[in-house]
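First the structure, in the form of structure tokens, and then the observations on it.
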Amino acid sequence: MLLTIIIVLFSLVLLTALHELGHFLLARKFGVRVEEFGIGYPPRIFGKKIGQTIYSLNLLPFGAFVRILGDEETDNSQESFSQKTLWQRALILAGGVVSFWLVAVIIFTIIIGVGGIPTAVDDDFAQAGANPFIQILQVVPKSPAELAGIKPGDKIINLKFANEDLQSGKVGEAQGFIASHKGEEIQMGVMRGDQEIDIAVTPRINPPMGEGALGIAMARVVLTKTAWYKAPYKGVEITIQQTKNIPLTLVKAIKSKMQGQKNNDLQFVGPIGLGQIMGQALGQGWGNFLMLIAMISIWMALFNLLPIPALDGGRLLFLGIELIRRKPVNPVIEKRITAVFFFIMIGFMALVSIKDVIKLF
């Protein structure tokens with residue numbers, strides 16, 4: 001458990017540090033002085049000045065930061081962010097977002113070149129060398145599956161009842177087996193990470209509409225692998241596709257929510273909830289964990305691009321206004337607006353985190 005917490009925390013800090021590295025590298029590229037590059041948040045534990053930059057390790061391990069000359073206060077020095085051209089400032093701000101996408105590309109490249117990307121196929125799929133398996137995609141809260149301990153990402157090895165033993169990689173056959181034993185306790189053998197587990201579960205006789213007897217969504221899956229020299233191109237392709245899919249999925253989920261439909265796809269989570277999800281993914285193996293990190297990177301790229309003050313997208317919005325007006329927005333006004341939205345975001349995150357804590361008990 002402690003190791004899982006350390007790995008999850010390290011991954012989030014590393015992801016944030018790579019985001020800040022994007023700002024750092026472009027700031028240096030355009031001659032802007034970076035006063036500090038910090039891992040974690042103050043108070044400072046250790047710091048070493050190399051050139052004009054302090055590289056620090058800080059006590060609160062919840063992210064990373066860069067402190068750039070002229071970023072928050074106007075400074076007339078030639079090394080100041082505020083004195084650079086509009087397009088240079090825009091690129092420095094966009095550097096963090098681009099870093100998130102690059103992280104996703106690299107991770108997808110590694111996964112598809114080494115282990116393979118899970119791809120859903122139908123029951124008729126047949127290909128030499130492919131080894132299809134059934135994977136649990138979703139578990140409905142308070143369903144027999146959840147109460148029994150079945151988790152998303154579990155791979156179904158077999159289904160047993162008395163002398164019956166179904167070992168099949170076809171969803172239709174698994175669904176038929178479950179349907180034929182409603183009200184009877186069956187044994188489900190699953191692979192979770194590197195661990196094989198037998199779980200006793202009883203399919204419901206009269207399940208709620210759309211949930212199924214066990215309350216699971218499953219798919220027949222194969223691992224699609226690409227030659228190493230093609231993997232980077234495929235990594236870019238997958239990143240672009242997921243970047244398109246996320247907003248579409250979000251709009252669809254919001255629409256169904258507004259229509260009063262039950263939808264488990266739209267759930268806000270804070271740092272605690274995200275850590276829990278990452279811990280579950282890690283329990284399913286490094287492949288699933290890295291896939292989740294790549295998806296989080298894309299989510300963070302899109303989120304940071306939102307035109308909300310306090311985010312990179314909000315800063316870019318102010319630059320857009322400057323471009324139209326042909327003069328910068330009043331720094332005092334920009335600072336006040338940013339502060340208001342920052343505290344709104346902190347408040348929202350606190351509320352979501354409280355909700356995450358309540359779910360744990």
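Each Cβ is built from the backbone N, Cα and C atoms, and glycine gets one as well.
When Cβ-Cβ distances below 8 Å are used as the criterion, the transmembrane segment (51-70) is approached by residues 9, 12-13, 16-17, 19-20, 23-24, 27, 32-45, 77, 79-83, 92, 271 of the same chain, each at least six residues removed from its ends. What TrEMBL records for 51-70 (among others) is transmembrane segment.
Under the heading transmembrane segment, TrEMBL lists 91-117 (among others).
Across the domain 'PDZ' (104-194), the prediction's mean pLDDT works out to 90. The domain 'PDZ' annotation in TrEMBL covers 104-194.
Positions annotated as transmembrane segment by TrEMBL: 286-306 (among others).
TrEMBL lists 336-354 (among others) with the feature transmembrane segment. Here the transmembrane segment (336-354) has Cβ contacts under 8 Å with residues 268-273, 308-310, 314 of the same chain, all six or more residues outside its ends.
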Per-state residue totals over the domain 'PDZ' (104-194) - DSSP helix, strand, coil: 25 helix, 29 strand, 37 coil
Cβ-Cβ under 8 Å with the transmembrane segment (286-306): same-chain residues at least 6 beyond its ends: 11, 15, 19, 96-98, 100-101, 103-104, 107-108, 110-111, 115, 117-118, 153, 239, 242-243, 246-247, 274, 277-278, 312-314, 316
